[in-house]
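Structure incoming, see below.
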Amino acid sequence: MAHSDLEPLRSGAAALPSSSDPDSPTTPRRNRVRELLRNLDRRLSSRGRHNHVDSGPASPTAAGEAGAPRREEESDELGDGAPPEWALLLVGCLLGLATGICVAAFNRGVHVIHEWAWAGTPTEGAAWLRLQRLADTWHRILLIPVTGGVVVGMMHGLLEIFEQIRLSMSSQREGIDFMSAIFPAIKAIQAAITLGTGCSLGPEGPSVDIGKSCAIGCAEMMENNRERRIALIAAGSAAGIASGFNAAVAGCFFAIETVLRPLRAENSPPFTTAMIILASVISSTVSNVLLGEKAAFIVPTYELKSAAELPLYLILGMLCGVVSVVFRQLVVWFTKTFDLIRKKFGLPAVVCPALGGLGAGLIALRYPGILYWGFTNVDEILHTGKSASAPGIWLLAQLAAAKVVATALCKGSGLVGGLYAPSLMIGAAVGAVFGGSAAELINSAIPGNTAVAHPQAYALVGMAATLASVCSVPLTSVLLLFELTKDYRILLPLMGAVGLAIWVPSVVSHSSNKEMFEATSPRHGYASLLPPANRSETDGRRPDGDDVELAILEDDLYHYGSNSEEMLLDELKV
């Protein structure tokens, strides 16, 4: 979205065409509609425009000193054409509907590409590949991710072309920037190809981006101030998570943690909360209708043997925090490495994603479980020991390490996808390894084999702890696992493990090289993954300038001055 295109939306009534202007497209019918909205707003809205503080016109001297009117002040003023608050609730419902439909279409596209690329592979997926002779499967395991990387890289080049076209047309364009809709559509296709060909990323990040794109589209078509734009983007993000995980409650908390809290908008007006809830519920319902009422993965029965197990869960939380620190550093290292290779050798945009796909394929030759196969691989870990193909403890430890490297490699190379599904799988593997090892040590010392729960219980808690630590969404992680298990007994160990998992990266970030962790602390919920000084170097690979992944929050808002709110809002673009 071009920066100049947002000015008419933020500048209040001054940006609206006057009905007295002979060149204005405003018609008497449109004036009557606006008058009707104003009348309904006065009757139905409990927070009318008369509640806004009128700061009065700025003096010419002040305007001259500033050089231009302050955008932050202008963005808080609403003109006569702004929709009333009751209409925003309707927009929130439509936003949830649109997000649910788009996310369902995205997931269907991923499945279609996956079924076509891996045709003939049983539903067991990676487990089946592991049991086959390598001589029979190596060419598919190696070439399919590479092909996906080549296609994604070619589309990066296509995005660069569209970006140049958009920049060349920016001086002539007025009103809504319809061309900006091309970018999120292409990135959704890139994500579908990345996941469909098995590269080691996840679909939830793109689902959130779809919701944000729908929200930004709604914001483009109406007049808004700052708090209304925040409400729309928060509702879109919540709808993306709700439809992606089929978890409406977790979607609401996700919006609070990744949009409202980083923007310091916790005291937002009531319609913000209402929009978030409505969008989450409707998007989750639509996704259920279109994709079927099926949980993301099959959750085993959780059990807590005794309160004496709680210290083990706390240790697991710290272990997951350490794993997330290594994971985040690897993402930064691979990102910088690929950028250095691209600059040093002058490689085209297609090469880096292809190298990422090649690396994932090479790792998958030994550990095919790192390939994206929906949540089949997570299900296999959660039900370890219940099938002949289920991996053992030692193989799970290797698989967790391989998944960390493969995901960081794919993310750093420019392949498009999220970190949520990989974080869940890594956490499940780490938790299962920890639980299995603890059971062998403790149950062997205490007769009866009843002192420690099964490894699956620790795998569930490890999933939430790793997701919370990697993506800095502790409340979302706790609510997500609670929604999936529907078991109150998991809350105490879950909250303890998540709390320590979040604490470990903060300790490391203050005791080691802080610049490294600021690179992995995308402000306002985005995984920028590069320091601001180097971020322009990757714009050729990601023309929109953002890494489209809501993850890894850290409160480093001190980088911005007092007039930073518009910068924060601008970085919420897809």
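Each residue, glycine too, has its Cβ placed from N, Cα and C.
TrEMBL entries are annotated by machine, without manual review.
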According to TrEMBL, which stretch among 93-113, 345-365 corresponds to the feature transmembrane segment?
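Checked against TrEMBL: transmembrane segment maps to 345-365.
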Among the recorded stretches 230-256, 268-290, 310-333, 345-365, 424-446, which has the greatest number of Cβ pairs closer than 8 Å to the transmembrane segment (141-159)?
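The stretch with the most close Cβ contacts to the transmembrane segment (141-159) is 345-365.
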Under 8 Å, at least three CB pairs between the transmembrane segment (230-256) and the transmembrane segment (458-482) (pairs 6 or more apart)?
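Contact criterion met.
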At a threshold of under 8 Å on Cβ distances, which of 345-365, 424-446, 458-482 pairs most often with the transmembrane segment (310-333)?
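By the under-8 Å Cβ criterion, the transmembrane segment (310-333) pairs most with 458-482.
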By a Cβ-Cβ criterion of under 8 Å, what residues six or more beyond either terminus of the transmembrane segment (458-482) are in contact with it?
241, 245, 247, 249-250, 253-254, 256-258, 299-300, 302, 312-313, 316-317, 320-321, 323-325, 327-328, 378, 381-382, 384, 419-420, 423-424, 426-432, 434-436, 438, 488, 490-491, 493-495, 497-502, 504-505, 550-554
